[in-house]
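Novice: Take this structure, written in structure tokens, and hold onto it; I'll ask about it next.
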Amino acid sequence: MGNSEPGTPPVIGIIGGSGVYDIDGLTDTEWRTIDSPFGASSDALLFGRLGGQQLVFLPRHGRGHVQSPTTINYRANIDALKRAGVTEVISVSAVGSLKEELPPGSFVIVDQFIDRTFAREKSFFGDGLVAHVSMAHPTCRRLGRALAEACSALDIPHRVGGTYLTMEGPQFSTKAESALYRSWGCDVIGMTNMPEAKLAREAELCYATVAMVTDFDCWHPDHDHVTVEQIVKVLLDNAERARTLVTRTVPALAGRHTSCEAGCHRALDAALITAPEKRDPARLALLDAVAGRVLES
Ligand SMILES: CSC[C@H]1O[C@H](OP(=O)(O)O)[C@H](O)[C@@H]1O
Ligand SMILES: Nc1ncnc2[nH]cnc12
């Protein structure tokens, strides 16, 4: 089960988005299904090693891209990663650009989100055990720094920091929506990173997203609408660079000997509000992995 106490070695989880259905260069690989009380994860998890580092990969939409952004079981995915021992999660995602200066091919190390999704389970907690975690800084600055350094070393055009608007989908935005999100100052748009980032925080996992721009959405005067065909053309090259980026980033994360300096591994310290004697045993049983650290003490 997940363990992020000081001194425990990191286990890096990679959630691969559109176009990223495997990771190159892993040794000792095994696809393993992890049972979760929250249901079925998008696919089995690929366990392996990269150099000396233990790594667990999950294709967000399943191999062959069979799950839509709305039907992905985000809770099962994060719970399964936690049960697999993962301590930090790198999310790789295709996005549309809402800024002229972020053309297709650019990478953004996202540090903020706006959540416009409305048809998804967004919390592990609820009646019987209520918790409120901070989402002021939704990504881990340490993971973000490692990703940015790897982008620089690989000469990948990238921006450090940016706001990712999560829409419900699966249809792309209307022009009016795209203009609205631009007026809010958002940088990129996608359909998956919420509630994923919220759930990673509740599960006390470090989380950072590398967003790979595939298109200009539909606001751009020279790009009247988005199509999957256009996206896939850019996606294949982006996905190849993302795999290289992950390979380069993972060794930099291997040397952590204390729990995350940004506090991700202690997100539940001040989050539970339900009185101990009022907690629902059925809810507690679901939370053995996600909240075991704070429930056992
Ligand atoms: C294939 S384009 C739309 C699809 O791609 C993004 O998914 P992911 O974040 O998993 O790369 C976007 O959010 C949509 O789900
Ligand atoms: N324009 C866009 N809108 C939403 N999700 C996307 N994923 C890739 N491009 C996108």
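Any Cβ shown, glycine's included, is placed from N, Cα and C.
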Novice: Ser18, Arg60, His61, Ser93, Ala94 bind phosphate in TrEMBL, but which of Thr166, Thr174, Thr192 does that record place at the same site?
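Specialist: The one candidate that TrEMBL places in that phosphate site: Thr192.
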Novice: Looking at the binding-site residues listed here (His61, Met191, Asp215, Asp217), whose Cα lies nearest to that of Ser173 (site 'Important for substrate specificity')?
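Specialist: Nearest candidate: Asp217.
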Novice: In which DSSP state, out of helix, strand and coil, do we find Phe216 (substrate binding site)?
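Specialist: Its secondary structure by DSSP: coil.
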Novice: Would you count the other CB atoms within 10 A of the CB of Val228 (site 'Important for substrate specificity'), including those on all shown protein chains?
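Specialist: Val228 (site 'Important for substrate specificity'): 12 neighbouring Cβ atoms within 10 Å.
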Novice: Restricting the comparison to the recorded positions Asp215, Phe216, Asp217, Val228, which residue's C-alpha is spatially nearest the C-alpha of Arg60 (phosphate binding site)?
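Specialist: Checking each of Asp215, Phe216, Asp217, Val228 against Arg60 (phosphate binding site), the shortest Cα distance is to Val228.
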